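Taken straight from TrEMBL:
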- 415-427: compositional bias 'Basic and acidic residues' (COMPBIAS)
- 437-451: compositional bias 'Acidic residues' (COMPBIAS)
- 485-496: compositional bias 'Basic and acidic residues' (COMPBIAS)
- 415-451: region 'Disordered' (REGION)
- 470-496: region 'Disordered' (REGION)
- 31-54: transmembrane segment (TRANSMEM)
- 61-79: transmembrane segment (TRANSMEM)
- 85-112: transmembrane segment (TRANSMEM)
- 124-144: transmembrane segment (TRANSMEM)
- 184-206: transmembrane segment (TRANSMEM)
- 227-245: transmembrane segment (TRANSMEM)
- 273-293: transmembrane segment (TRANSMEM)
- 300-317: transmembrane segment (TRANSMEM)
- 323-345: transmembrane segment (TRANSMEM)
- 357-377: transmembrane segment (TRANSMEM)
- 389-409: transmembrane segment (TRANSMEM)
Amino acid sequence: MLFASFLGLGLSVAIVGPTLQDLATNVNRNISSLSFIFVGRAFGYLSGSVIGGLLVYVMNYFLLLGISMLATTVGLYLVPFCKTAVLLTVMMCVFGTSIGVLDTGGNVLILALWGDKGAPHMQALHFCFALGAFLAPLLAKLALGPTASAENCTESDFHHPALNRSSEADSEALFGVPNDTNLLWAYAIIGTYMFLVSVILFGLFFKNSSKQEKTTASAQTSRRAKYHNALLCLLFLFFFFYVGAEVTYGSYVFSFATTHAGMKENEAAGLNSIFWGTFAVCRGLAIFFATCLQPGTMIVLSNIGSLTSSLFLVLFDKNPFCLWIATAVYGASMATTFPSGISWIEQYTTIHGKSAAFFVIGAALGEMAIPAVIGILQGKYPDLPVVLYTSLGASIATGVLFPVLYKLATSPLDHQRKENRKSEDQKALLSRSGLNEYEEENEEEEAEKWNEMDFEMIETDDTMRHSIIETSGSSSTEPTFHMKHLPETRTKGTNT
């Protein structure tokens, strides 16, 4: 059910992009003036991450995820009916809050169920998110079909009186049926899927309503690194740069390819698709890689791949062949970093709700801040490949931060292992000395027993010897009888 939830999460997040043109038409705005809905969604996502990090302590996991998915369902149903930009922004903020709770709660639940052994499950969870993000444009294309609004619409087209209603009519109607019912179907299909998953999660809650198993399990496996807070702060920065670079490249690679590299629109679209395609495929393969590779090893390989590919992107920014190859490698390298980072930190310090919310907030801030800054810089310096410089800078930042994270995480661990080894050696020595004393005591007791048995045997032998002597003395008067009849008795006894 977690995998199904994150599949719906990917669908919900990615459906906004391919339907943005239709949403702008629905609220009588152009795309450039409607971009602030992403800011509203990011703000809601930050709030939801904080709320989710706090609620995992007081609520059952299934109930929390079920409520968040139900709220996401309501948001998906209402978004196509919004007729004003302000209402659409508010709805996106509420929508972002619900998906922020779902994202934080899902990651914490994976760690609560499997702990530091859950690397394959964490990879599978985020693969489902990538799969949903990959399927959302296809679903939108099937539901919406090829429309004129999706092809080369300029900003002036949206101020045409035939397409837009007056500002007075726009202010009067807050909700209304969208002009294009296909937009409604696209959101309704995803909303229905989210509703079905929420119903099953509520069923799991009523079936397993006890929260004691969760608290006892987390208490038994709880551990805290010496530099716990420093690790969380550095992981905050690590995810800030990583997620910011991922979203920036995925969002601006199309415009970069058409304006800077001189590609056609279909080629630029293919470049964008190959980035997300290799991203999703590698997240799927990472499920199997995580069973034989440590999370730290996967992070190092990802850092090497992203650093190498982004360097090639900067050096050969106008070579189409290098752009295709480097973009594919860059998407594959970025795929496993986020789930591997969560699995890696869980090996050294236990991640609870607040800790998970903290670095999820870092990822959300990177997703919101870096693309916004890059958009401004790209407008001021159109001749420079600002997007590629951002990818290279983020790869350098994550490549530098991870060794520092590893040093802070492992240094106290080595010290603890040495202390544990000393204590184990002392216990072993004590146990061995105690065992030797026990063996010596047993040997002394056995020696005493054997001595007592020897004395008893000696006394028994003396008694038997005296009795035999007495018997022989008393029978000396009739020696002939015994010597004469003894062989016959033995012979008869043997024959019998």
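Every residue gets a Cβ built from N, Cα and C, even glycine.
Note that TrEMBL annotation is computational and uncurated.
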Contact check, the transmembrane segment (85-112) vs the transmembrane segment (273-293), 3+ Cβ pairs under 8 Å, seq sep 6+: no
Annotated stretches the transmembrane segment (31-54) and the transmembrane segment (300-317) touching (3 or more Cβ pairs under 8 Å): no
Remote residues contacting the transmembrane segment (227-245) - C-beta distance under 8 A, at least 6 residues beyond either end: 334, 337-338, 341, 345, 348-349, 355, 358-367, 369-371, 390-391, 393-395, 397-398, 401-402, 404-405, 408-409, 412
Sequence-remote partners of the transmembrane segment (357-377) [C-beta within less than 8 Å, at least six residues beyond its ends]: 38-39, 42-43, 45-46, 49-50, 52-54, 100, 103-104, 107, 232, 235-245, 247-248, 251-252, 338, 341-342, 386-387, 390, 394
Beyond the flanks of the transmembrane segment (323-345) by 6 or more, those residues with Cβ under 8 Å of it: 107, 111, 116, 118-119, 122-123, 125-126, 130, 231, 235, 238-239, 242-243, 245-246, 249, 253, 257, 261, 271, 274-283, 286, 289-290, 294-296, 298-299, 301-306, 308-310, 312-313, 316-317, 351, 356, 359, 363, 391, 398, 405, 409
